[in-house]
Amino acid sequence: MADKMFKALLWAFATAVVMAEAVRGQLVPCYFVFGDSVFDNGNNNELDTLAKVNYSPYGIDFARGPTGRFSNGRNIPDFIAEELRISYDIPPFTRASTEQAHTGINYASGGAGLLEETSQHLGERISFEKQITNHRKMIMTAGVPPEKLKKCLYTINIGSNDYLNNYFMPAPYTTNENFSFDEYADFLIQSYRSYLKSLYVLGARKVAVFGVSKLGCTPRMIASHGGGKGCATEVNKAVEPFNKKLKDLISEFNRISVVDHAKFTFVDLFSSQNPIEYFILGFTVTDKSCCTVESGQELCAANKPVCPNRERYVYWDNVHSTEAANKVVVKAAFAGLITSPISILLLVL
């Protein structure tokens, strides 16, 4: 079983490499990023928030040190940019010039959610709705041609905080009291549909939407909802209907936008979190953080010890993944191993 899975991974990666090599140069003219801390590359540095990581040991393996990325090194958008053969940095919105709207901007913000109230206890954050507003202003001010915008890649990672920092954090939130798992998923998807429509109106035609991962298997939720002994089943059960409905939403958008040659794909982070696959890929620690996290916290303690074998860990802190895990996700997404209906590579070609 493990041998077959390993061979499948190798075959898929090799196929993706061959396809990419058939196309010369940068694969898209611009790349726009939306989402939460998983994608944030420094926007929260400028905000009054607890969700800020512009300090050591964050960035310990990043060339420029701590930048506001919630990892020890490169995050998922960084690796996506590499796969797209983009030679320049995609700047965070808070430090981007108007001219950079022609080549790409990262609007993601730690703590952001589909709901405006999500993560309000942490302080300032740029919600998904506000990120889209920022994008609209930037491309309109810069005068980016509509035909160019249709050729850009758009990636979105949003929804985790609506569970971590809302539904499963009762005070000061009431969503847990008002919605069942299925009802809450419907409520979130209703907002997601509206936001995707907004991006579509603004020219997005190549869109990769990342689902929510197995939040119950993060060190944070294992400690708070799993009794410290294993994945929090209740949390994962809550997330499942959201991912299913989000995947259905992507299918819906592909059906209604086929005339306009728009393509949407779903990146399944939930089903891909398999212990056997982790082991095959060299990860031996899947339930603990690599950095030092103080009791009751989720982010790394400043200037405290970190594990030396970071390539063996899935989690960097109590929620966010290591550079090694981020790289695997992107390779799998470009090879089509965790995407539906098409790989990110086919999305941009």
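Placed from the backbone N, Cα and C atoms, the Cβ positions cover glycine too.
Note that the coordinates shown come from a computational prediction; the quantities given were computed from them, not determined experimentally.
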Candidate annotated in Swiss-Prot as N-linked glycosylation site, out of N54, N178: N178
Lowest local Cβ density (other Cβ within 10 Å) among recorded positions: S37, N178: N178
Within 10 angstroms of S37 (active site, nucleophile), Cα basis - recorded positions out of N178, D317, H320: H320
Other CB atoms within 10 A, centred on D317 (active site): 28
In the chain carrying H320 (active site), residues 6 or more apart in sequence that have Cβ under 8 angstroms from it: S37, V38, F70, S71
